Amino acid sequence: GHSTSVLFGGLVLVLSAADVLDLAEEMDVINSTVATLTSGHSHFGLVEYSIFASLLALSALIGLYIGCFQRQNTVSDYLLGGKKMGIIPVALSNVASHVSGITLLGVPAEIYLFGTQYYVIAFSIIGVTFMIIYCYLPVFHPLQLNSAFQYLEMRFNSKVRTLGSFIFAVSLIVYIPIVIYVPSLAFNQVTGASVHVIAPIICIVCIFYTTLGGLKAVVWTDALQSVFIVVSIISVTILGVRDVGGFNEVFRIAEAGHRLELFNFNPDPLARNTFWTVFAGTHFFWLSNFAVNPGATQKFICV
């Protein structure tokens, strides 16, 4: 109905900038993490350099292979992978696209500094998933749109589409440099390499495989990176638990430091992390990222 369309349009226009609003606070938390890395005197060895170089090289090779050996003669082939992409790589790609260096460095630091109440984000993601399945995909998929902004033009007019596109572009201009800067800064702390060298290398590799391979290259490189992310998280968890002395010791230390906070139902909207603030805040954050984000909707259509 009309109210649903207005709600959707509002989400596109307002929530497309949601990533930007929390960047300052997230950067404070991330800087704490980087300071911890620096104080620990951690440095890359041959194995770490090999893994980093392999990930960049494989990403570039995927783009090169798809661009040179797989035909992409139409706009649909280039932008939507011919609408024949598999569910698993697309799902992994969506995960990798929205789990940035800010997430990997910021969330652990947030929980370490302010407690485990942030885990409620998992419930909001589940809720958003059902909303996408039953509210958004039934609209997007039958229309086979290349972008969420096309819907704005269909439902309203070209001016609304232009406004939505402009707001989204501005949010990306602010957001992407931070996303690139954070892992570059972490890499700088463990290698000594200049951030001004690392960041351009990352950008060049991403531009290279995206330009050559289109959406197919993006999906498959994201899938590869998501595997690296999961393996890295599991490895760090195992090593951390081992070094501390087991899971029991981990929970004992967390309890002693008053970090275990599972069900804080404080209704105060100004409290930093409660069940309600985390659930509501991250619900709309993930809704903007997965439901109406052009990158996510493009991947939904490519299946």
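In case you wondered, yes, glycine gets a Cβ from its N, Cα and C as well.
According to TrEMBL:
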- 1-17: signal peptide (SIGNAL)
- 44-66: transmembrane segment (TRANSMEM)
- 87-106: transmembrane segment (TRANSMEM)
- 118-139: transmembrane segment (TRANSMEM)
- 160-181: transmembrane segment (TRANSMEM)
- 193-212: transmembrane segment (TRANSMEM)
- 219-241: transmembrane segment (TRANSMEM)
- 274-292: transmembrane segment (TRANSMEM)
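Sequence-distant residue pairs (6 or more apart) of the transmembrane segment (87-106) and the transmembrane segment (219-241) include at least 3 whose Cβ atoms are under 8 Å, placing the two stretches in contact.
Residues 51, 55, 58-59, 62-63, 66, 81, 85, 88-90, 92-97, 99, 104, 209, 213, 247, 250, 299, 302 of the same chain lie 6+ residues outside the transmembrane segment (219-241) yet bring a C-beta within less than 8 angstroms of a C-beta in it. Tertiary proximity for the transmembrane segment (44-66) is limited to same-chain residues at least six positions away from its ends with a CB under 8 Å from its CB atoms, namely 72, 187, 190-191, 201-202, 205-206, 208-214, 216-217, 220-221, 224-225, 228.
Within its own chain, the transmembrane segment (193-212) has Cβ neighbours under 8 Å at 56, 59-60, 62-64, 66-68, 180-181, 183-185, 187, 218, 221, counting only residues six or more beyond its boundaries.
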